[in-house]
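Colleague: Pasting in a structure now, in structure tokens, and then I'll have a few things to ask.
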Amino acid sequence: MEDIKPNVELKSTQEQSVPTEGSELLNDYDLTKAHETENVDGTEGPANEDEDIGDDSMKVKDEYSERDENVLKPEPMGNAEEPEIPYSYSREYNEYENIKLERHVVSYDSSRPTSGKMNCDVCGLSCISFNVLMVHKRSHTGERPFQCNQCGASFTQKGNLLRHIKLHTGEKPFKCHLCNYACQRRDALTGHLRTHSVEKPYKCEFCGRSYKQRSSLEEHKERCRTFLQSTDLGETASVEARHIKAEMGSERALVLDRLASNVAKRKSSMPQKFIGEKRHCFDVSYNPSYMYEKESEMIQTRMMDQAINNAISYLGAEALRPLVQTPPAPTSEMVPVISSMYPIALTRAEMPNGAPQELEKKNIHLPEKSLPSERGLSPTNSGHDSTDTDSNHEERQNHIYQQNPMVPPRARNGMPLLKEGPRSYDLLKPPPICPRDSIKVINKEGEVTDVYRCDHCRVLFLDYVMFTIHMGCHGFRDPFECNMCGYRSHDRYEFSSHIARGEHRAMLK
């Protein structure tokens, strides 16, 4: 076996030094190969261990012979199917070479269609480049080569990793040129810039209301379609809605929207029905004839505006300061003007000469015909926009107040009630709307207390602020339309359930 290696080296050296002997070199190679095979077969001893060495030598000679063949051949290969070289690989190498060739042809045909795109062999997705295809295949394999060295989060693309790193560094490269807002993503800055724009490109074709975002418009359209289907008005309702929108001022609409959102955010200021404590006893005789029967008996818009302003002052005017100026507290100069509008119940110490009997003698009871005008003082939100009606209301109110000058509340025993000093909002609130001979609310001490009634819901309130908040929930022109979200109820039961459940919160923008 030792004689084989020198012969192989000698043969290779001779082949390199004599490149001009063409056919003789190939013949010598065949004879030498046959001679070496006979020597290997006839060699005694551990011949199996040296078979690998013989194979390596054959590979080396194959490579050299291929080089010499290329050098000696002057003409290029014309036909690949009929090669002129009488040399071929052994059977074992041909088997593997065929497998590689088949794989190459199949992958080339499937991933390289005629359009130039590459297809995913798993789902068939077409990609424009090889890099895009590799990123897509990571979604099938689950490979995430880009990993954060701080928290260990992995990503399929480098851009996502760079965006994630900004969370750790706190970098906010995208800044608003109008305010101090800064963010990490460009799309977030684009959405923020819409808040500075005055225009509202997304407009509802049903009612004409406009929004800055498409999502807000879609939510509004669902409610608007529901409204049109429930009322069954169709195109007529759309025209009326546009007319109402034109009548209502933009400033007033902004105030109401801010007020509704503020009420929704404050759970403590949500309108609540007065149930009453157990120690209070009620002596109520309700007369259904006091309900409004005509639209001309509804309250004028001046009282409605006052109720809204009182609710705004109670809920907090900081959020509404750019739109509404909170009226200041009444001073000594304003009290005479307010007293001419509303009678102020004075205590015994404030009465002249401390004699309430003189005032009681001056009290003139009103006939039954004046009851509808008293009910007109209820600060409801169902206003009738008519100048003639407003002037008639004012004339009747002045006539009533002149005949009813500052009567203190009295108990059953005929003694006047002692009250604490009037608070700031007590000077502006109207007198109780319910006639004392029809509805009386008596506390545990047997004293008659002031009561405020919502004629739409038939609910009594002992607190004027809660009464004002409740009346602010009624719609302007339809008392059973929610002033927060626009939901229209069929009766007072559905309206009360809607307010109690707070369904309007999900409808707010």
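Our numbering is plain: 1 for the first residue shown, then up by one each step along the chain.
The backbone N, Cα and C atoms fix where each Cβ goes, glycine too.
Sharing the feature lines straight out of Swiss-Prot:
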- 10-20: compositional bias 'Polar residues' (COMPBIAS)
- Lys61: SUMO2 cross-link (CROSSLNK)
- Lys73: SUMO2 cross-link (CROSSLNK)
- Lys100: SUMO2 cross-link (CROSSLNK)
- Lys245: SUMO2 cross-link (CROSSLNK)
- Thr20: phosphothreonine (MOD_RES)
- Thr326: phosphothreonine (MOD_RES)
- Ser378: phosphoserine (MOD_RES)
- 1-85: region 'Disordered' (REGION)
- 365-421: region 'Disordered' (REGION)
- 452-504: region 'Mediates homodimerization and heterodimerization' (REGION)
- 118-140: zinc finger (ZN_FING)
- 146-168: zinc finger (ZN_FING)
- 174-196: zinc finger (ZN_FING)
- 202-224: zinc finger (ZN_FING)
- 452-474: zinc finger (ZN_FING)
- 480-504: zinc finger (ZN_FING)
Colleague: What average pLDDT does the predicted model assign to the zinc finger (480-504)?
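Modeller: The predicted confidence over the zinc finger (480-504), as a mean pLDDT, is 84.
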Colleague: Can you tell me how the residues of the zinc finger (480-504) break down into helix, strand and coil by DSSP?
Modeller: 12 helix, 3 strand, 10 coil
Colleague: At a C-beta cut-off of under 8 Å, are there same-chain residues at least 6 beyond the zinc finger (174-196) that contact it? List them, or none.
Modeller: 163, 166-167, 212-213
Colleague: Could you put numbers on the helix, strand and coil content of the zinc finger (452-474), residue by residue per DSSP?
Modeller: 10 helix, 7 strand, 6 coil
Colleague: So how many of the residues in the zinc finger (146-168) end up helix, strand or coil by DSSP?
Modeller: 11 helix, 4 strand, 8 coil
